[in-house]
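What TrEMBL says about this protein:
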ACT_SITE  68  active site, proton acceptor
ACT_SITE  139  active site, proton acceptor
ACT_SITE  144  active site, for ring-opening step
DOMAIN    17-225  domain 'Glucosamine/galactosamine-6-phosphate isomerase'
SITE      147  site 'Part of the allosteric site'
SITE      154  site 'Part of the allosteric site'
SITE      156  site 'Part of the allosteric site'
SITE      157  site 'Part of the allosteric site'
Ligand code: GLP
């Protein structure tokens with residue numbers, strides 16, 4: 001099962017996730033990171049940037065694959081995930097821009113964009129650690145409820161709920177694209193380590209579904225139950241609907257010293 005760690009704050013969760021990523025990069029300087037967008041991974045990116053400033057490590061060979069991208073936004077749109085990943089992760093971490101791939105949401109090449117992306121991930125040797133947030137609908141990446149556990153990178157239609165949630169980044173809800181390209185749940189399952197983060201009461205139900213609910217495509221986050229190496233980092237509010245909370249706390253408090261996140 002996933003290791004579930006309940007932390008006092010988003011900042012603490014970011015520090016733990018960043019330490020895990022830093023350890024990976026120090027062991028494998030060309031590590032492949034799976035990069036998420038949204039508010040959730042920000043504390044991880046901030047903590048990692050801080051750690052790299054305090055104690056520099058060569059990250060020039062680190063490679064990265066974004067989880068998803070909107071379809072049809074004009075090149076350079078500030079809310080395209082290409083722009084967001086550049087702003088939130090690539091620049092603050094000092095990653096090499098040419099090493100970072102984002103699914104290509106251009107309409108002209110959309111038909112092959114998914115298979116091209118899968119080929120690029122395979123050619124890189126797969127993702128070493130995938131950072132994940134979770135949406136209120138339970139989506140990971142943009143895999144909305146109903147997404148197949150075998151799905152690979154492809155075009156998806158966003159739910160109205162997700163479009164409303166993401167409207168905060170756009171001028172109006174109507175500006176949020178209806179379609180996206182997202183790594184599939186099958187793609188995510190192939191990553192060697194998943195770090196799922198969630199903060200706040202509004203994520204509690206999705207987190208309970210992912211960790212303790214039935215494994216069902218109606219709760220895409222439950223894909224983590226099929227993965228052998230998952231770390232879930234949550235705050236108290238996001239953990240508030242977990243039934244086995246005492247056990248997760250007990251397991252973490254008694255974690256063998258040789259185990260790392
Ligand atoms: C977005 C992204 C997901 C993200 C989720 C939660 O739409 N496509 O990758 O995990 O929704 O977003 P946030 O972290 O801002 O709550």
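The backbone N, Cα and C atoms fix where each Cβ goes, glycine too.
Just so it is clear, the model here is predicted, and its values are computed rather than measured.
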Site of maximum Cβ density within 10 Å, from recorded sites 154, 156: 156
For residue 144 (active site, for ring-opening step): intrachain residues, at least 6 apart, with Cβ closer than 8 Å: 137, 156, 157, 158, 159, 162, 220
Per-region confidence, the domain 'Glucosamine/galactosamine-6-phosphate isomerase' (17-225) (mean pLDDT, whole number): 97
Listed recorded positions adjacent to ligand 1, that is, members of 68, 144, 147, 154, 157 whose C-beta is under 6 A away: 68
For residue 68 (active site, proton acceptor), the number of other Cβ atoms found within 10 Å of its own Cβ: 22
Intrachain C-beta neighbours of residue 139 (active site, proton acceptor), sequence separation six or more, cut-off 8 angstroms: 145, 147, 159, 162, 220, 221
Cα separation, residue 68 (active site, proton acceptor) to residue 154 (site 'Part of the allosteric site') (Å, whole number): 9
Three-state secondary structure, residue 68 (active site, proton acceptor) (per DSSP): strand
Most Cβ neighbours inside 10 Å, all chains, among the recorded sites 147, 157: 147
